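Notes to accompany the following structure.
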Amino acid sequence: MNNILSFDIDEIRDILRGWGEPSYRADQIFDWVYKKLILNPSSMTNLPKGLRQKIAEYFSFDIPKVVKITGEGNTKKYLLELEDGENIETVLISHKNRNTVCVSVQVGCAIGCKFCATGLVGLRRNLNTHEIVGQIILIQKELFEKGDRISNVVYMGMGEPLLNYDNVVKSIRIINREWGLNIGSKHITLSTIGIVPKIYQLGEEDLKVRLAISLHAPNNELRSKIIPINKEYPIEKLLESAFYYAEKTGRRVTFEYVLIKNFNDREEHAIELAGLLKNKPVHVNLIPWNKVPEYPWETSDLKDIFKFKKILSDAGINVTLRISYGSRIKAGCGQLRALYLKSKGELK
């Protein structure tokens with residue numbers, strides 16, 4: 001069955017016209033789905049009864065099912081189950097009157113970064129558009145009942161967004177457009193490990209979302225040790241694509257940098273990173289490593305973290321130290337799913 005959350009409004013209009021219905025019915029349907037968050041056609045009372053029945057027969061309105069919720073302070077992590085029984089994770093961070101949802105785009109991940117829990121079991125499959133949008137609708141419904149709503153969406157959960165390009169871009173359009181969830185493009189961030197051709201392609205879209213790039217090292221030798229795909233898309237090519245995106249969209253690019261003790265957190269690494277990014281339209285997010293038992297790394301010492309940050313700041317680079325809100329609830333990417341798979345005997 002066709003899930004309603006996979007369609008944009010023009011596609012719904014075309015279907016309705018094929019049924020002999022006026023196209024404005026699409027606006028009414030989407031008002032119920034995205035504004036009132038009603039996922040039951042029988043409750044769409046301004047539609048003719050016959051049309052409601054036809055919609056129910058043609059479309060499904062399913063969203064992912066909640067398996068488990070863990071919470072710590074202002075962070076909630078949702079372990080979700082999809083229709084085929086696969087599991088993904090979604091995180092809600094509520095902070096200073098903002099509600100940020102972190103969504104997954106794949107079941108697992110094929111990149112195999114040597115510090116990330118998501119890639120431990122590889123890639124199962126891409127998420128469909130409705131499975132991405134469904135995560136956001138799930139959280140929006142929960143907040144809506146409290147008189148609140150989502151303010152930001154970040155594509156930073158499980159999987160590499162640019163390796164599920166079409167479904168991710170369509171989901172962004174659905175949540176961004178006025179007929180959808182109407183979340184502004186400056187409040188949507190896509191995070192990528194650095195799939196260079198797709199960064200250029202994204203720059204040509206009419207989206208202008210914020211771009212975050214997982215850099216994690218100041219040179220190719222170090223980066224290739226923890227990010228295998230760096231051998232295909234080395235840092236110099238990655239930076240070229242990032243600066244192109246910034247110029248094309250007018251959006252400053254964020255570089256994510258996970259600090260790993262005695263690997264990429266030394267003074268010389270900070271100086272080298274500053275040399276790459278100085279006088280560029282960028283922001284750097286420093287992230288203390290969130291421990292994953294399967295990897296040997298340790299979190300950097302605080303004194304080294306602050307020294308690293310100061311070197312970047314002194315070079316005139318905008319830099320933020322990201323607080324790890326979800327470390328105790330295993331809210332690092334893929335950690336809750338990994339624990340769940342272990343409990344089922346699917347991960348050693």
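In case you wondered, yes, glycine gets a Cβ from its N, Cα and C as well.
According to Swiss-Prot, the active site, proton acceptor annotation covers Glu89.
The active site, S-methylcysteine intermediate annotation in Swiss-Prot covers Cys333, and the record cites sequence analysis as its basis.
Taken residue by residue with DSSP, Cys109 ([4Fe-4S] cluster binding site) is part of neither helix nor strand, so it is coil. Counting every protein chain shown, the number of other Cβ atoms lying within 10 Å of the Cβ of Cys109 ([4Fe-4S] cluster binding site) is 26. The feature [4Fe-4S] cluster binding site is assigned by Swiss-Prot to Cys109, Cys113, Cys116, with sequence analysis given as support.
Look at Swiss-Prot and you will find Gly159, Glu160, Ser191, Ser214, Leu215, His216, Asn290 tagged as S-adenosyl-L-methionine binding site. Sequence-distant contacts of His216 (S-adenosyl-L-methionine binding site), defined by Cβ-Cβ distance under 8 angstroms and a gap of at least six in the same chain, are Phe115, Arg223, Ile226, Ile227, Glu256, Tyr257, Val258, Asn264. His216 (S-adenosyl-L-methionine binding site) carries neither a helix nor a strand DSSP state and counts as coil.
Here Swiss-Prot flags 95-328 as domain 'Radical SAM core', drawing on sequence analysis.
Taking the Cα of Leu215 (S-adenosyl-L-methionine binding site) as the reference point, the closest of the recorded positions Glu89, Cys109, Cys113, Cys116 is Cys113. Of all the Cβ atoms in the protein chains shown, 22 others lie within 10 Å of the Cβ of Ser191 (S-adenosyl-L-methionine binding site). A simple Cβ count within 10 Å picks out one of the binding-site residues Ser214, Asn290 as the most packed, and that one is Ser214.
Using CA atoms as reference points, the recorded positions Glu89, Cys109, Cys113, Cys116 were checked against Glu160 (S-adenosyl-L-methionine binding site), and the closest is Cys109. If you compare Cα positions, Glu89 (active site, proton acceptor) sits closest to Gly159 out of the binding-site residues Cys109, Cys116, Gly159, Ser214, Asn290.
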